[in-house]
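K.L.:
Marked as substrate binding site by TrEMBL: Arg94, Asn148, Arg283. The site 'Increases basicity of active site Tyr' feature in TrEMBL is assigned to Glu110. According to TrEMBL, the Mn(2+) binding site annotation covers Cys171, His201. Positions annotated as domain 'Glycosyl hydrolase family 4 C-terminal' by TrEMBL: 196-416. Sequence annotations record features per position, and here TrEMBL assigns active site, proton acceptor to Tyr263.
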Amino acid sequence: MKEKLNVVIVGGGSTWCPGILKSLTKHQDILPLKRVVMYDTDADRQAVIGEFGKILFREEAPDVAFDYTTDKSRVYEDVDFVLCQIRTGGYDMRSTDEKIPLSMGLIGQETVGAGGMAYGIRSMTDMIEIVNDVRAQSPEAWIINYTNPAALVAYGLARVFPDEHHILNICDQPVNLLRSYGRLLGCDSREFEPVYFGLNHFGWFTHIYDKAGRDLVPVIRDHVREHGFKPADAEQRDQSWLDTYAMVADMLHDFPDYLPNTYLQYYLYPKYKLAHLDPAYTRSDEVINSREKRVFAECRRVAQVGSAKGSSVVQNDAHGDMIVEVSSAIYRNTRQTFIVMVKNDGIIEGFPNDAMVEVAASVGVNGPQPYAVGKIEPFYYGLMTTQYSYERLAMEAYLEHSYEKALQALTLNRLVNDAKDAREVLDKLIEANKDYWPELK
Ligand SMILES: NC(=O)c1ccc[n+]([C@@H]2O[C@H](COP(=O)([O-])OP(=O)(O)OC[C@H]3O[C@@H](n4cnc5c(N)ncnc54)[C@H](O)[C@@H]3O)[C@@H](O)[C@H]2O)c1
Ligand SMILES: O=P(O)(O)OC[C@H]1O[C@H](O[C@H]2[C@H](O)[C@@H](O)[C@@H](O)O[C@@H]2CO)[C@H](O)[C@@H](O)[C@@H]1O
Ligand SMILES: [Mn+2]
């Protein structure tokens, strides 16, 4: 690879983009840059963050050519890394993903349950177009994808592009959990060596080794069971996130073997979560009134004052750093351990080979080299088998335009389960997504 890299950010209008831009300027020592261009389909939305980016790069990385565009005809020419985080349909559609199921007494959430399936089927056409656009101009570029629901997008892209070896789907939740354990123990989580298995937003830490090789899972588990759990950046979090992290204590009381991903709260306690979700005011409303307002106001302020110095817009969580560090591990062949999504292919014994599992992997110039997980216990195997079948059927519903497979997927999903509920919520989601989904027959 080159001495200095060309990077494209797809979804430049993302609320997470300023944090990624900041990480790119901050980490040139591990990811040296020649050019950074943002691309988005929404010119007005992206321009606010683009103007922030121009000032940030002028002050922090003046040698890097920075720009933003809505013209995809040349944006992928001679590119090394494509960092992708789009939201097809925006927050408006996220709102329907959350509110339609909740209106029926089902969990409504961005990436899980019926809402997650709606989002996954909605995202696929855009994601397939992006991969084709990148490949037409830069056949070897690495596509590092945050776009959600990562579980479905990862599985769907692997089915559409079976010979692809330069797409890596990642999630920032495991690394944010590691940071939160670090805060709890008062140590640097970057020294942790995690062992993790699951599907995206559906996994567990089985071991977390410190530098001396001690497994920290038992001490973290006991601490959380006694004192509770909160995110590393708790002071910046909305109450709903604090409630989410607090549920880890409940999960560890019931299932103390491993440290759970927070998303498992929905699958293990759907009735409890439903009793604490407001169908009229969901997470998308919270984000519109918190992160989105805060990020866009701060980017406009920076553009007005002409300086990004000391700007508060940069989240101090792992989102921006993770995607830069994963890209750097590929560029510099560091073989650093990350928790990423890869084809199972025997990693979890007896689990379908084509499942996109989320596991610890050594990441280098050839991408992730996953660590074997081996045999897993019936409780975890049973949960994961049903969830994998849901993921596969949801993507086959998209690929085959199959109503029946969409109905099967929702009926299998632990957060729907009842076939009559599945049909009712599916029909409502089809209507809400008529501008995005293929017609299911
Ligand atoms: N994988 C993870 O762990 C993780 C973490 C955080 C966010 N995310 C995901 O990252 C994405 C962005 O999150 P956000 O809250 O910043 O969203 P956002 O709505 O603020 O920004 C998304 C941007 O994508 C743009 N976009 C939509 N379709 C596009 C297309 N076809 N081509 C180019 N741009 C397009 C939109 O115009 C918008 O500017 C979402 O999918 C979100 O779920 C994933
Ligand atoms: O409800 P949102 O839009 O605030 O968050 C949804 C995303 O939540 C996770 O990402 C979190 C991350 O795990 C957390 O620690 C911090 O960095 O904020 C991120 C965004 O809130 C999850 O991994 C994503 O897939 C979700 O999109
Ligand atoms: Mn995630």
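Glycine too: its Cβ is placed from the backbone N, Cα and C atoms.
Note that TrEMBL annotation is computational and uncurated.
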K.L.:
If I take every residue in the domain 'Glycosyl hydrolase family 4 C-terminal' (196-416) and average their pLDDT values, what number comes out?
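P.N.:
For the domain 'Glycosyl hydrolase family 4 C-terminal' (196-416), the model's average pLDDT rounds to 96.
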K.L.:
What is the separation, in Å, between the Cα atoms of Glu110 (site 'Increases basicity of active site Tyr') and Cys171 (Mn(2+) binding site)?
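P.N.:
That comes out at 14 Å between the alpha carbons.
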K.L.:
List the other residues in this chain whose Cβ sits within 8 Å of the Cβ centroid of the substrate site residues Arg94, Asn148, Arg283, in sequence order.
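P.N.:
So the additional residues around the site are Arg87, Tyr91, Asp97, Glu98, Gln109, Glu110, Thr111, Gly115, Tyr119, Ser284, Val287.
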K.L.:
Measuring C-alpha to C-alpha, could you say which of the binding-site residues Arg94, Asn148, Cys171, His201, Arg283 are within 10 Å of Tyr263 (active site, proton acceptor)?
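P.N.:
Those close enough are His201.
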K.L.:
Can you give me the Cα-Cα distance between Arg94 (substrate binding site) and His201 (Mn(2+) binding site) in Å, rounded to a whole number?
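P.N.:
Here the two Cα atoms are 17 Å apart.
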K.L.:
Rounded to the nearest angstrom, how far is the Cα of His201 (Mn(2+) binding site) from the Cα of Asn148 (substrate binding site)?
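P.N.:
Rounded to a whole number, the Cα-Cα distance is 10 Å.
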K.L.:
May I ask you to report the DSSP-based helix, strand or coil state of Arg283 (substrate binding site)?
P.N.:
helix
K.L.:
Measure from each Cβ of the recorded positions Arg94, Cys171, Tyr263 to the atoms of ligand 2 and list the residues where some distance is under 6 Å.
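P.N.:
Among the recorded positions listed, those whose Cβ sits under 6 Å from ligand 2 are Cys171.
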K.L.:
What is the total of other Cβ atoms whose distance to the Cβ of His201 (Mn(2+) binding site) is within 10 Å?
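P.N.:
Result for His201 (Mn(2+) binding site): 25 other Cβ atoms within 10 Å.
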K.L.:
Substrate site residues Arg94, Asn148, Arg283: biggest Cα-Cα distance, Å?
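P.N.:
Farthest Cα pair among residues binding substrate: 15 Å.
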K.L.:
Among the binding-site residues Arg94, Arg283, which residue has the fewest other Cβ atoms within 10 Å of its own Cβ?
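P.N.:
Comparing Cβ neighbours within 10 Å for the binding-site residues Arg94, Arg283, Arg283 has the fewest.
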K.L.:
About how far apart, in whole Å, are the alpha carbons (Cα) of Cys171 (Mn(2+) binding site) and Arg283 (substrate binding site)?
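P.N.:
Distance between the two Cα atoms comes out at 18 Å.
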K.L.:
Would you mind reading off the Cα separation of Arg283 (substrate binding site) from His201 (Mn(2+) binding site), to the nearest angstrom?
P.N.:
17
